Structure formats: C-alpha cells, structure tokens
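Peer 1: Handing you this structure, nothing more for now.
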Amino acid sequence: MDLTQIQNPSFLKDMSISELEGLSEDIRKFLIEELSQTGGHIAPNLGVVELTIALHKLFDSPQDKFLWDVGHQSYVHKILTGRAKEFGTLRQYQGLCGFPKRCESEHDVWETGHSSTSLSAAMGMALARDLKKTKEYVIPIIGDGALTGGMALEALNHIGHEKTDMIVILNDNEMSIAPNVGALHNVLGRLRTAGKYHWVKDELEYILKKIPAVGGKVAATAEKIKDSLKYLLVSGVFFEELGFTYLGPVDGHDYEKLFETLQYAKKTKGPVLVHVITKKGKGYKPAESDVIGTWHGTGPYKIESGDFVKPKEVAPAWSAVVSETVLKLARADERIVAITPAMPVGSKLEKFQKEFPNRMIDVGIAEQHATTMAAGMATQGMKPFLAIYSTFLQRAYDQVVHDICRQNLNVFIGIDRSGLVGADGETHQGVFDISFLRHLPNMVLMMPKDENEGQHLVYTAMQYEDGPIALRYARGNGLGVHMDEELKAIPIGTWETLKEGTQAAILTFGTTIPMAMEAAERLEKAGVSVKVVNARFIKPMDEAYLHDLLGKNIPILTIEEACLIGGFGTGVVEFASENGYHSALVERMGIPDRFIEHGSVTKLLEEIGLTTDAVVDRIHTMIPSKQKRA
C-alpha cells in the first residue's frame, strides 16, 4: 500500500484482519526505511503498529480523542492521519515534528514530549465533555515507564475516584527508554503472568446468574468469592483498587484480541484500563533485541547491519566526560553516589553502574523523587551526583528550591543537554535552567568552555561542601582538547580572560565560546580590539572582574545559548545598574522569548541570530566608528 496516499484513517473501517496485517507490514517497512535516513524514535513506534491501527479502526478521530503520552510513539498515528509524505522531513527544521503537534493536524489533540501528562490532560478533556454533554471517547495511551511518574499516579487516583468515563491504554513493553524499575513495574509483571483474571471472573458471574431462582442471590454472594479469586489469580490488582475496570493483559500484536478487548471497553461505564503487551522494536531485529535502550531513539543507521551512521568522533561526548570523571572520583570516595531518573544510557552512566551497582540508583521516570532523594542522602554525609537533562530538571523545580537550596545541601546536579538540543524540539531544548536556577539562594552554577575544564569543574563540584552546585553541559561532543591527567579545583566565582582587547568585551561561557573567539579574531583583522572572557561561573559571577571591566567604560556583549529573560546577561546588567555603572554599555545575545522548534542546532542558531556573523555585526554597532582602528 502506498502510505503517502493516506489522507485520514477512515479507510481502515472496511479492512479485514488479513488486510490490516498487510498494512502493518507496510508501515513497519516504511518506518525502518524512512528513519534510517532521518533518525527518530524507531523502537517505540515499531511496537505500537497494531495497537494504533486498531484504535483508529474502532474509534473516530478526531471526534474521539487520542492522547499519546510522551508522544514519541505517535509516528504510526501520523501516518494514518495523512502525514506519511512528510516523513522525509522528520525532526528537521520546519519539517514534521517528532511528537504530536496541534498545528500539524486536527488529530493531534494534545502536545507532548515529557512523560506522564496524558492522564491528567485526558481527565480535563473528559470533564469538559461531561459538562458540555457530548459523547466522545477520551483515550490516553501511556507506557509502563511513564506510569511510574508521580503525575500519572495522581491522575489515576482522581480518575478512579470520580468514576469518569475514559479508556486508558497501558502500552506495556517492559521498557521506557532503558529497562523499567520499581514496584509498579513488578506489579505489571505479575499482571502479565495472570492474564485470565478478568475473563474468569466474568464467566463465573455469568454462570451463577443462570442458576434458576437463586442465581441472582448466589451471584451477589459470589462477589466475595470473586474478590478472593482476584487476589488468587492476580497478586495485588492495583488498578481495580483505584476504581478502574481492568481488561487484559492482551497481546498488542493480535488484531482479534485487540478488537475484542477494545469493543468491550467501549461498552463499559466508568474508567477502564486496557493492559496491552507490546514488543518494543517489533519487526526489526536490531531494535527488537535491544535490552538497554540503544534503539529507543537513534540517528540514521544502515538497515542491513543495524550499524549507526555517525561522523567520526574526534572528541568525547560531554556526558561521558562528566560521568567518567565522577566515576574516577567515586573510586576514591565511597560517599559518591550517582542518581538518574530513567536516563542511564543517555547520561553515560553505564560504566558507573557496572562498577558500582549499589551506588548507582535509577529511580525511573521520577524526577521529583530523584531530587529530594539526593537531598536526603546529602543530609547523611553522602555526595550525590544527580544526572538529569535540563528539560527534565524543570519537573523537579520545587524540590530544588524547597529541599536542596533552602536547606543548603551538598548536592551536585549535572545538567545534561543544556542549551539547544536540536531535533527533539521545543519540549526538549535546555534553555530555561539558567533563568530558574540563577536567582536561587545558595546555588552555584557553572558551565565549562571545553571538556578539560569540564573535568576540573566536576572535581570542583565534588570538593565543594558549602551547598548545592550545578554544572551545565551540552548535548554532543567536546572540542577534542588535551585532557590533564591531574584534576584541580577551580576557585568558585572566578572567570578567565581568553583574549585581551581594549575596545569592547564579550562575556560568554560553554558552547558559545568558540563563536565569540572566532568573532573576536575577525574583528581584530578589521581593526577592532575585543576582549573575550570565559564566564564559567554563571553564579556567583566574578564581581572583581566585573568591577574592573565596567570601570573601563567599554561596550560589553554577553552571549548565552539560553533564554535572555532572567539569564546570565540579565545578571550582568543588574550588577552594572546596582553598582553605579552605565548599564546601557551592556547588550545581550541569547534565546528570544519564545519556544524554539526542532531542527539542527546550527540551523536553529542561525534562525535566532546567534552566529559568528551576528556577533561581529553587533560589536560593530556597539563601537562608534571614530573609536575603530584604521
């Protein structure tokens, strides 16, 4: 079937099961071929082909509402709703988004990117439906990994209490990104092995009611028997205790079983949870056999071999530099513990996990818990290293404020994927952390200019015992610089001069330092002398350096790959104003006041005007012509 000719899912209504099975094969082949060129979340989507087709066949989108939790498993949904022809642009600038996007299609009713939001949003939609007295189905699809998020559990509790009509699809593939952890995962494991409970209890009730005269009374009395049967067949039926009708487990790749179960769910009043078992990566051997999450989301790859197409790496990944330095220090200090909220692979903590399994803690998708747990460990003299993506640190903000900073606890936060991350787009760009951390009392915030300075700042963080300290580091690789053998502590709040200059100064840090250096060199050739400063401590700033620099009364340009509002540049302007300097001398470059879409980092920087050319042009406008050297 030519998938690019699909305009909407209505064609599924008349298809037989054998035809649907053929369509499943076509979709898997299409995904494997297309994603080999663009990259993307291949394994989650290969696992939900039949489930997505079944949902679109039995329900009527967009009248019926599908909410894809996290959203990375929505590719099949996009194909069935007329977007197959756009897959060549997947996750590229102004191309097809890798997550549901309301402006893309009326079938995308809820935008996602972070996990565990679908149930709360679905409850909102269901309550709105009931208030408006309409009849559509509301169907959140949530994975077993996302179900460990506290927000999802809060929503389950509320939905069950209110007895709201809703069909929750639990897509259980036993993995989120990496293998799942936690007690809830173990509950689901027991449910998988006790899948006959729902059908047995219904058959029992049906048979008892057929007994003449006394059947109804016996059936009523049998409720107690049925409850006992429930605990006999399923050890701890978590969802029914919350008020849901539990259906399953059902094979998520068997159309007959899916149709039977979903039709039953449509007829059932109140909240229903359909437990669907799927195989992540189904239909592509390398992805299907992956047990650690390598094929969850990938770049381009070779279909035949399963080898990833990567440029030759001349420098280590930032995540590896940080995690391996922490590991090196942990060998000499038993107090060091690594913590991750379900991202051991992305944060490059596999080596730490292998060497110190008892000191590497993966809490699952539970950022709030991870953060306060780290705080608790710090009260007992441990040295917790919390490795967390910038975008996911947002989910634990109150814990950083209330539990870490307020108590001034020695927690080292590794803020991975800081700055623009590219293809995952606006839900994942790490551009807000400076603004929401800079104003917190007791917080120290750093970002290195290269991987060598990065390892020294990790060492600095582990030696620091005066409160919380955070290190920002980017996605991707470092610069390939020489790495010192011996680690050293860098004095807190100190900057360094990278290039001397007399007519203007650039203050920057991290990934924008090469841009600043190149701009300064070009300006030098044009007769403009520009100082470049490595402002590696975003907080506290080097106040002595700033006093000296502002006292020279020369233009100052701050550059940051982070949002301008409340950012580093704002801090420099505030310092100038509060200390009697001419704050108009300071201009800022950074991320504007909007969400940044998906695309390559290079393209996005160009689009927002954060390039070497833009820096050169800005400096020229800041320096009066008469001050420029001939």
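Quick reminder: no glycine exception, Cβ is built from N, Cα and C everywhere.
I grabbed these lines from Swiss-Prot:
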- H72, G113, H114, S115, G145, A146, N173, Y284, E367: thiamine diphosphate binding site (BINDING)
- D144, N173: Mg(2+) binding site (BINDING)
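Surface or core, plus neighbours and distances: that's what I need for these features.
Peer 2: The Cβ of H114 (thiamine diphosphate binding site) has V70, T391, F392, R395, T427 as same-chain neighbours under 8 Å, each 6 or more residues away in sequence.
When secondary structure is read from DSSP and collapsed to three states, N173 (thiamine diphosphate binding site) falls in the coil class.
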Peer 1: Between H72 (thiamine diphosphate binding site) and D144 (Mg(2+) binding site), find the distance joining the two CA atoms and give it rounded to the nearest Å.
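Peer 2: Taking the Cα atoms only, H72 (thiamine diphosphate binding site) lies 14 Å from D144 (Mg(2+) binding site).
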Peer 1: Under DSSP, is H72 (thiamine diphosphate binding site) part of a helix or a strand, or is it coil?
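Peer 2: Going by the DSSP assignment, H72 (thiamine diphosphate binding site) belongs to neither helix nor strand, so it counts as coil.
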Peer 1: Can you tell me the CA-to-CA distance separating E367 (thiamine diphosphate binding site) and D144 (Mg(2+) binding site), as a whole number of Å?
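Peer 2: With the alpha carbons as reference points, the distance is 16 Å.
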